[in-house]
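Q: The structure is given below, and queries will be raised subsequently.
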Amino acid sequence: MRKYVIMGVQGSGKGTQGQLLARELDLVHISVGDIFRWNVRNHTKMGAQVKRIMAAGELVGDDLVESVVRHRLQQHDWNYGFVIDGFPRNGAQAEFFMESYDLDAVIHLELPDHEVRRRVLSRRLCPSCGMDYNLIADRPEQEGRCDICGHELVTRADDTPEALEARLRDYHEKTRPVLELFQRKEVVHDVDARPPVDEVQAAIRKTLALPPYIPALPA
Ligand code: AMP
């Protein structure tokens with residue numbers, strides 16, 4: 001059983017790297033941000049509660065976040081373990097988490113703020129199937145359309161310059177101290193998030209002493 005947390009500032013590739021790691025190791029990938037986005041898209045009561053907060057780039061309240069995480073982990077579909085991304089994001093969440101689950105490792109994706117701005121502001125999302133694109137590194141074949149389902153691509157509501165600055169501020173003020181807490185427990189593995197996706201994934205596997213990553217060949 002493996003229990004990993006993947007941390008990093010917005011745009012550092014937490015979702016992409018978390019999914020890749022989970023897929024090959026048969027772990028469940030849990031993204032708190034994705035759970036909230038699903039709720040917003042499907043107009044649930046929770047979606048209505050978090051929509052404005054997310055669009056402003058602010059953090060959702062701890063009680064709601066913790067109940068989402070608890071509920072998700074209670075499903076016990078993670079026989080081989082899980083990779084959780086976007087959580088914990090402050091000291092209170094970290095304490096809640098450490099009381100309930102013993103972690104094997106925290107993967108910390110490092111990316112300088114100027115690179116975050118460049119990446120995040122060129123990010124696009126398919127609102128229909130959830131596929132992510134990036135106008136710099138990972139463009140769709142047809143401009144503005146999803147390669148998988150053909151739906152029109154959108155900018156995430158929280159990928160505006162104002163919301164990004166709010167998230168960067170929160171990250172430095174609230175999330176960095178969480179890293180320091182984990183660092184004291186000596187479970188943090190720093191990984192440079194600047195190289196291409198495959199290289200970052202290979203570095204994650206190496207630092208966690210997992211079997212080497214073999215990227216899929218292009219179709
Ligand atoms: P992400 O996709 O991880 O960037 O999350 C998108 C948004 O969801 C964040 O900007 C927050 O508004 C909210 N969110 C996700 N995870 C958390 C968390 N652990 N604590 C508070 N808010 C969160």
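Each residue, glycine too, has its Cβ placed from N, Cα and C.
Automatic prediction, not curation, is the source of TrEMBL annotations.
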Q: With the ranges 84-121, 122-159 to choose from, which does TrEMBL describe as region 'LID'?
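A: Within the set 84-121, 122-159, TrEMBL attaches region 'LID' to 122-159.
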Q: Using the centroid of the Cβ atoms of CYS126, CYS129, CYS146, CYS149 as reference, list every other same-chain residue with Cβ within 8 Å of it (recorded Zn(2+) site), in sequence order.
A: PRO127, SER128, GLY130, MET131, ASP147, ILE148, GLY150, HIS151, LEU153
Q: On a simple 10 Å Cβ count over all chains shown, which one of the binding-site residues SER12, THR16 is most densely packed?
A: SER12
Q: Given CYS126 (Zn(2+) binding site) and GLY15 (ATP binding site), what distance in Å do their CA atoms have, once rounded to a whole number?
A: 15
Q: List the Cα distance (Å, whole number) between GLY15 (ATP binding site) and CYS146 (Zn(2+) binding site).
A: 18
Q: Can you tell me how far the Cα of CYS149 (Zn(2+) binding site) sits from the Cα of ARG123 (ATP binding site), in Å?
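A: On Cα coordinates alone, these residues lie 18 Å apart.
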